[in-house]
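Here's the structure, in structure tokens; my notes come after.
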Amino acid sequence: MEGNHEKARVRLCYLCNQRRAALKRPKTLEQICRECFYEVFEEEIHQVIVKNQLFKPGERIAIGASGGKDSTVLAYVLSELNRRHNYGLDLFLLSVDEGITGYRDDSLETVKRNELQYGLPLKIVSYKDLYGWTMDEIVKTIGLKNNCTFCGVFRRQALDRGAALLKVDKLVTGHNADDIAETVLLNILRGDIARLSRCTSITTGEDGPIPRCKPFKYTYEKEIVMYAYFKRLDYFSTECIYSPNAYRGFAREFIKDLERMRPRAILDIIKSGEDFRISTSTKMPEQGICERCGYISSQKWCKACVLLEGLNKGLPKLGIGRSRGLDNNHRKDVKQINGTKNIEGKQCGSLDF
Ligand code: SF4
């Protein structure tokens, strides 16, 4: 009798109706067991990969690995799915060392352990080797304002350069559904139509050096954290010591509030972003080649070259924001180098990582 009462009190998994429910799934609020959680989590990602034809058999794929939860779970799940479903992919880990003491050096140790744990070859490219500057040195020069603009621009190119060294066909990143919803909002708030039109694409850069894919496009951040926790994955969770992220932080908090009230809000924002139609009268930037380094650019020089020129000339504001605070000569420098457009500040590179 007592046993029956006990059984009645135990909540069974909503999906298998056999095992004890161990968690409330953030995306659907269903009470499910761990085994079913692993299954639905991995299966949803597999379906996204298949439906969007993200990979072809035999392709070499670099996984952008920072040691954080998203890229660690991505490396783990992609290795599992590659084995389970015979994708036939050659997987690599690709990390960027920005040169941030006390942050990136520690997180890279995690990636080095992941290399052994998952048996995936690792390539690390550094800002110091590519640009002659570490982020520690850049912050010493420019302070804590605009540091993420430099970092984001440099990281984007560093990943492309690392991918070229690895001779991969594609680069996958751990951007999750929360990141994408946040980016949709930020691009609306900034009126950045060019980025708004492509930020929800699951694959970008097909006309550039290396296409980038986001297999976690519909995967909730909370579920990634739960998965990493239950699977006891080895990841690094400290925030960057130079992270200001005030504006992005507000957008993130806003999305978290919406999610608390209605979990579907994240998917709905992504859907809204996907359904935006760009008016044909909106002038879009034309893709060309940087005259200095040959990287893709819609201006005479790519963003990294403009920022580097500023750093090397001792004019770190060159190419940042609206050239306020620059004298006429410097203003002329910006115009000469970059046509008429300046570079918009961008936080933590996660828009473009
Ligand atoms: Fe770079 Fe991100 Fe740190 Fe900014 S917060 S300095 S973009 S790693």
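Note: Cβ is positioned from N, Cα and C throughout, glycine not excepted.
Because TrEMBL annotations are produced automatically, they should be read as predictions rather than curated entries.
Database features (TrEMBL):
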type: DOMAIN; residues: 61-244; note: domain 'tRNA(Ile)-lysidine/2-thiocytidine synthase N-terminal'
type: BINDING; residues: GLY64, ALA65, SER66, ASP70, VAL96, GLY174, ASP179; note: ATP binding site
type: DOMAIN; residues: 289-318; note: domain 'Cytoplasmic tRNA 2-thiolation protein 1 C-terminal'
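Ranked by how many other Cβ atoms sit within 10 Å of their Cβ, the binding-site residues ALA65, VAL96 place VAL96 at the bottom.
Cβ-based crowding with a 10 Å cutoff singles out GLY174 as the top-ranked of the binding-site residues GLY64, GLY174. Residue counts of the domain 'Cytoplasmic tRNA 2-thiolation protein 1 C-terminal' (289-318) by helix, strand and coil are 10 helix, 3 strand, 17 coil (DSSP-based).
All protein chains included, ASP179 (ATP binding site) registers 24 other Cβ atoms within 10 Å of its own Cβ. Applying an 8 A CB threshold to same-chain residues 6+ apart, the list for ASP70 (ATP binding site) reads GLY174, HIS175, ASN176, PHE216, GLU221, ILE224.
Those residues noted as binding ATP (GLY64, ALA65, SER66, ASP70, VAL96, GLY174, ASP179) have their most widely separated CA atoms at a distance of 20 Å.
In three-state terms derived from DSSP, VAL96 (ATP binding site) belongs to an extended strand segment. Residues near SER66 (ATP binding site) in space but far in sequence (CB under 8 A, at least 6 apart, same chain), listed by position: SER95, VAL96, SER107, VAL111, GLY174, PHE236.
Secondary structure at GLY174 (ATP binding site), as computed by DSSP, is coil.
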